[in-house]
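See below for the structure under consideration.
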Amino acid sequence: MKGTIIKGIGGFYYIKIDNSEEIIECKARGKFRHTELTPMIGDYVEISIDKNNKGAIEKIYERRSELFRPAVANVTQALVVFSFKNPDINIDLLNKFLLLCEYNNLKAIVCFNKMDLVNKEDYKDIISMIEQAGYDIIFLNAKEERNMDIIKKLIKDNVTVFCGPSGVGKSTMLNKIIGKETMITGNISEKLKRGKHTTRHSELIYVDEGLLVDTPGFSSLDINFMEKEDLLHCIPEFRDFIGECKFTGCLHHREPNCAVKKAVEEGHIHKNRYDFYIKTLEEFMNRRKKKW
């Protein structure tokens, strides 16, 4: 049988079987320890059931993506939630979230919540910057469920994680989407009698024909693990111009005859996005100098 790990706790993994609402408790075979491959929430797996009706994970299929905070595999999209007011928007922080989405090969959709607090026209430059970078935008008021139907449609056939700074309404959005529906994961704790004081772990919730990570993603925004070459490929609007620069390996920094810098000057790339790239690149380069 095949299915998706929707929860893992205390060495036990709970697999939702394909085309079924059945959830089977499994342990991982010891062979995974030798390969240093630990099952993760979101893994697509093959399992076996022995004569005592005990489940075991036999195979973990190749992961399309892998997050570590929270630890979830095969996430397909991130809803990057921000507000213009309460809290005020931090453009560098938004760009950093988008950077991490690109690095993790996630489709990012920017959601601006609390739109009842602002006039959209006052933020048209920020909106233009995001659209120019190629990202879709959804304007929300989650408390009043404005455009939440769009979010629910996006969740279908995807594994979705919410991310964004504190206070922007991620929990409200999650609660509105999950609601009081009867979800197949909802009775796991009751069924297994594990107790109320078990350590909290992320899990996947099956809702609207998709899977939803029940805790916000990217709890750490540390990007120091990245290299400057990674950064170069995590700014999607640069891609049309890579290869047109005079120098192979151009970092679009101080090099002459740079196609990216020319695109910025001509308005094809938003200056704020380029400035964020340069600021981050210089931080990476200074960090490397300190190592030596």
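Quick reminder: no glycine exception, Cβ is built from N, Cα and C everywhere.
Taken from Swiss-Prot, the feature domain 'CP-type G' covers 64-221.
The GTP binding site annotation in Swiss-Prot covers Asn113, Lys114, Met115, Asp116, Gly164, Pro165, Ser166, Gly167, Val168, Gly169, Lys170, Ser171, Thr172. Look at Thr172 (GTP binding site): DSSP puts it in a helix.
Long-range Cβ neighbours of His252 (Zn(2+) binding site) (same chain, at least 6 residues apart, Cβ-Cβ under 8 Å): Leu232, Phe238, Cys245, Cys258, Val260, Lys261, Tyr274, Tyr277. For the recorded site, His252 (Zn(2+) binding site), the DSSP three-state label reads coil. According to Swiss-Prot, the Zn(2+) binding site annotation covers Cys245, Cys250, His252, Cys258.
Taking the Cβ of Ser166 (GTP binding site) as reference, residues of its chain lying under 8 Å away and at least six apart in sequence are, in sequence order, Pro87. Counting only residues at least six positions away in the same chain, the Cβ atoms of Val80, Val81, Phe82, Phe97, Cys111, Lys170, Pro216 sit under 8 Å from the Cβ of Gly164 (GTP binding site). The Cβ of Thr172 has fewer other Cβ atoms within 10 Å than any other of the binding-site residues Asn113, Thr172. Each of the binding-site residues Met115, Val168 was ranked by the number of other C-beta atoms within 10 Å, and first place falls to Val168. Recorded residues Thr172 (GTP binding site) and Cys250 (Zn(2+) binding site) have their alpha carbons 44 Å apart, per Cα-Cα distance.
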